[in-house]
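As given in Swiss-Prot:
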TRANSMEM  107-129  transmembrane segment
TRANSMEM  139-164  transmembrane segment
TRANSMEM  174-198  transmembrane segment
TRANSMEM  202-220  transmembrane segment
TRANSMEM  238-260  transmembrane segment
INTRAMEM  280-292  intramembrane segment
TRANSMEM  313-339  transmembrane segment
REGION    376-460  region 'Disordered'
COMPBIAS  390-418  compositional bias 'Acidic residues'
COMPBIAS  426-443  compositional bias 'Acidic residues'
REGION    480-510  region 'Disordered'
């Protein structure tokens, strides 16, 4: 079927095809091995007792391997490396495998986290002792300097281990690149001092301050902080155009402020506190941002009103309009978008967690089903053992009964010989008594035969109770399925002909009308009408399908997956065609 559909490959269709092959053993038929059908399962091979028995008795038989899909979690780089042929066939494990093992160990991770906290504490103490001239504190400063170098070297060793584990994956990970940049920025001032740059240089002081950025290495260590940062980045991405619009309004109001407050900025009146706020474009942008935060807006407005040349109306309109647009409207929009984005992220995480919970419950349910099957198989094995014991007991009982019957027959033959040797007179006199005794013996023999037959029937019923129970269960299931089908047909008949009695003379006509009704009935209505009855049925009942029907069912189900995929693509093509048509 997959070759008929071309290069299109669907996981569902492949799963259905594998199920079909597993059910009907098509691999053996295609390879000409239909006569060699596997008789044993993998469970029997794994069982030591069964394996020993099979190896002693039947070594050349095939084994059916039941391959099931297994959900794998996060596959680490070390696991990928272990599955490579070069590593598996090599004599010694590579250094990259050892480096990955060290990086993944909890001891090393906790050691790096403790160094990050220690680095924060050391920087805090160094800042406090920076301007101190007390000579008694020099050993403490030396210890802090040594600790700082030890922390820096530990971070460099960590980066080297990451490179040794996988150099290309290191540069593909954004958190690893961030870690590398922070470490190199803290290492750069030491090299600059070795080159000969003065320690009092401003750039060198800035580079030394960059050592504080080592505390940001915690972001890459805790997944919770990563989630918060990713949520912030995602929220800012969704607000890109809103921020662009806000920046445009910032620029417009900054330029307008330079023109509106020109007299105020050039005024010679003394005691003006904010006359430099609108002197040029940069100061005007800073002032607009201050007004955006609702800070000093009334003080600035009162200071502007001190200048008679500045219009009170235009200055008031400028400030109030910017407060309405920027501080009230834009700020609330930003807050609302941030809240909605965080809510969407939370809903997505909640859906993912519920999906994982449902998947976990489904796995537990599957395990219970497997345990139930194993228990049923063990019960069948015990019942078969009991049946074999009953068979041996009945065979021994029948042998004993046969020996007793032979002994009784020999005694009767001896008695008859002694009776023949008697005289004729005694025979004539005792004919009547003999006849009566013979009648009594016949009745006793018949009774004993009947009792033997009853006992044999009881034994046979005990012997074959297990087998007949299994056969009855299968027959009862098929009969129950037929009864359910007849019940559904009766309900459909009653819906189609509500006034007709069930036992009418025109049974054939009603049955023909029922067939026509089922043919004309829509599939969805048929399913909806029969769905309550199907839900009320016992879920343990199984319907046995014929082999050809089951094979056809799998084929149709596989073709349905391809048809659904083709329908989806046709819908996409139709949408694309309509969009192109509207563009033209």
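Note that Cβ sites are derived from N, Cα and C of the backbone, with glycine treated the same way.
These numbers come from a predicted model, not from an experiment.
The stretch with the most CB contacts under 8 Å to the transmembrane segment (238-260), chosen from 107-129, 202-220, 313-339, is 313-339. Sequence-distant contacts of the transmembrane segment (313-339) (same chain, six or more residues past either end, CB-CB distance under 8 Å): 235, 238-239, 242, 246, 249-250, 253, 256-257, 260-261, 264, 288, 291-294, 297, 300-301, 304-305. Distant neighbours of the transmembrane segment (202-220): 112-113, 116, 119-120, 123, 148, 151, 155, 175-176, 178-179, 182-183, 185-186, 188-189, 192-193, 226, 229; these residues of the same chain sit at least 6 beyond its ends, with a Cβ under 8 Å from one of its Cβ atoms.
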